[in-house]
Amino acid sequence: MFTGFLKAVFGSRNQRLVKRYRKQVEQINALEPSFEKLSDEEILQKTAEFKARYQKGETLNQLLPEAFALVREAGKRSLNMRHFDVQLIGGMVLHDGKIAEMSTGEGKTLMATLPVYLNSLAGSVHVVTVNDYLARRDAQWMGPLYRALGLTVGVVVPRMRQEVKKQSYLSDVVYATNNELGFDYLRNKMAFTPEECLQKELHFAIVDEVDSILIDEARTPLIISGQAEDSSDLYISMNEIAPQLTAQAIKDGPGDYAIDEKSKQIALTEEGHNRVEALLVKAGLLSSGKSLYDPAHIGLLHHLNASLRAHALFKRDVDYLVHNNEVVIVDEHTGRTMPGRRWSDGLHQAVEAKERVSIQSENQTLASITFQNFFRLYGKLAGMTGTADTEAYEFQQIYGLEVVVIPTNRPCVRQDHPDMIYLTKEEKFEAIVAEIKECVKLGQPVLVGTASIETSELLSNILQKHKIKHQVLNAKYHDQEAQIVAEAGRPATVTIATNMAGRGTDIVLGGSKDAELRALEEPTREQVEAILAQWQERHDAVVKAGGLHIIGTERHESRRIDNQLRGRAGRQGDPGASRFYLSLEDNLMRIFGSDKMAGLMRRLGVQRGESITHPWVSRAIENAQRKVEGHNFDIRKQLLEYDNVANDQRKVMYDQRDALMATEDISENIVGIRESVVNAMISEYIPLHSVEDMWDIEGLEQALDAELGLKLPVQQWLENEKDLHEDSLRERILQKVTEIHEEKEARIGAETMRRFEKSVMLHALDTHWKDHLSQMEHLRQSIFLRGYAQKDPKQEYKREAFNLFTNLLDSIKRQVISILTMVEIDAASDVEAAEAQEAQRRQFNNQAMEFRHPDINMALTEEEQNLEMQPKMVANGDTTSVSASSKVGRNENCPCGSGKKYKHCHGRLA
């Protein structure tokens, strides 16, 4: 009650904000006469003046009145369009990093030019659209205005050539689809050189149809996946070679390879190495005189290792089953099969080759990010839509974005009729057809909104039987559908559309005169006047008939989608009407309260073909929608909490990768990593500050041989030198590894060695990162089971994800040192050959990549949703808000949540 009293006295927050913005509108309007006197050249010069003033310390807020006035003047001259006062308000809302809710037809596209221009003075601005048609259309449409102001405009859409796209990203203003922006960000994080990067800074983004992108698509990630590089032919060849090799029966006895059953690994002996090379030469896989350890042949060693492990360590009906021509893993702890799971590192393909079943090419996630976390990377984010107020709480909670409802330029006179509710779908569709017939008879255009393609096709078949001419749009062909939607306002036109079809295109009463004018080649004045007269006649006829009539065939789960459909009518003060037709068989009605409704309708004596219309019914439906919206918000919030764990790791990994790629000389990093890896390896067999009786010297010698190719007589050193202490032993082993590196550098030169180190490091990062993504996904899919043990799945996920990430960094470092130590390099040409092979491999992988934004790929499973909805599982009210894309400082706390400083935790890799 008290809150209501305050609102009555002081107005709502929305009203107070709009009032504040109106004061600035007065300043902008006052500048209009003086800006009208500027020449086109002086308008161009104004941009350079504003940039200079910004560089000298003036803020964008101080420049706003003049900048907005300049854009308005440029719009009048280049587009013959003048920004309304409400568009100026909307532009200020966007500049302030908020969401502007603006009714359909009020000119969001033109409104966006105001904050785009102002913020382009400080950096590149991205305008984000839901499809490539709208990106191209808006860039072309607004292009003359930007060019009149001296700005460059670029477009980024799928299937563009890399050099064209790179040039587009250098523009002051970039129109792009949400998917392509996300994919290009991920592509940047997979590049090997700074020149391969497409995107520059993520400075400011204005997201059109922001509710669709940040809410409807927030449950699913963008995924770049690629086939594993491994070829089936090579696995089959290695499967023939592996059985010809023999395992050592006793330690250091005769045999081609040693088995470590504990870690499920194998290591070739000196004898085995020679034998393998001879077999590979015989099979035509290795040139005579070449070594298996040459840089160009690392792939052969990888495949051989996988095949030997498959034959020596993995047993049929113990570690796996063969079922329906597929290899199915058996969980070693539970004994249950795990369909759909696959071993990594090529092992699964090697087992398939061994069992002579079809070798499946594995699609592996190479990079992934959700829209929630991608758009929070921007320094400033804003959005615009016709329907956001119903989701204002979610925008504030997740993105820190406030929704401001912009007043309409003219009052809305659309009539929103109460819902009509029928017992069955059949009766509902009969009533819809009768309504359409009545509208066609009056010459009134009708837009019928459906919730699914199935419903639109069903209704289309019914209309065909009644011989009613109509168009069907299913949101598949955006450019064609935009043209059809633009004509949906012609007299007696019937258009059936799914919720998203043609969104972003206004329905003009009487049809689009612009389309007719564009169709004329060098039109005469008489032709133009004739077209305008015909359009005016059609427009007046539609207005007289009542404007566009909207028919909803069912209520959507979200009130926002229903409001979007209604908002297609009544643009800029036009007349119009809307009505929803429902039945008790509709999904929403069936799930929420259809029994009570059916009982009520029976008591009222409702007969077949009759409907019920009552405010109580509409309120009940709205309450049902609120329940579904709340449930979906909870799911998206839970998903974000899980993805934030992965996002913290992603940020650490990508920051380190960016730093590595920008550095020419990483030799100091390699020295530190080498020391860390060698000491960690020694500590596994010689614990720190331990007595000699606890030392496993035999195991240390084997590990040094298997991982670093070092055959060191450690036992002999200890026997010959009684005073050789642990610290001295560590120093000697490290010195031996360092000597190998120094010898290689002396042979190939420092510059070549630096390139090789960097290439090995990047390759190790990417290889282990994609394996880590798979492990994280498997962990997330199974973690909900912890809830049944009265453990919080989110806390368990954070704990285990932290362990996985720690292991990831250790694995990267070990692989880097292992490759740098073991690979035989005799000349710079060896490195160049390896680099050429790596470039070819990357080119092949890029061509084979898949870019997916699936409908529901990483949404919570049903079990997870049920668990997450239980009160005991809900986090303690922590909210997530928007944050800029800052790098992690070395003295800041590590994002992993360990509580340690970044430099002492996961910053160790750098």
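The count begins at 1 with the first shown residue.
From the backbone N, Cα and C atoms, a Cβ is placed for every residue, glycine too.
Features reported for this protein in TrEMBL:
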type: DOMAIN; residues: 3-613; note: domain 'SecA family profile'
type: BINDING; residues: GLN87, GLY105, GLU106, GLY107, LYS108, THR109, ASP506; note: ATP binding site
type: DOMAIN; residues: 89-246; note: domain 'Helicase ATP-binding'
type: DOMAIN; residues: 428-629; note: domain 'Helicase C-terminal'
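Sequence features annotated in TrEMBL and their locations in the structure.
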residue: GLN87; record: ATP binding site; DSSP (3 states): helix
residue: GLY105; record: ATP binding site; DSSP (3 states): coil
residue: ASP506; record: ATP binding site; DSSP (3 states): coil
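Neighbour counts were taken as the number of other C-beta atoms within 10 angstroms of each residue's C-beta; across the binding-site residues GLN87, THR109, the minimum falls on THR109. Within the set GLN87, GLY105, GLU106, GLY107, LYS108, THR109, ASP506 that the record links to ATP, no two Cα atoms are more than 16 Å apart, and one pair reaches that distance. Other residues of the chain with a Cβ within 8 Å of the Cβ centroid of GLN87, GLY105, GLU106, GLY107, LYS108, THR109, ASP506, the ATP site, are MET102, THR104, LEU110, MET111. Note on the domain 'Helicase C-terminal' (428-629): its mean pLDDT in the predicted model is 83. The Cβ of GLU106 (ATP binding site) lies under 8 Å from the Cβ of PHE84, VAL86, GLN87, GLY90, ILE406, THR408, ASN409, ARG571, GLN572, each of these being in the same chain and 6 or more residues away along the sequence.
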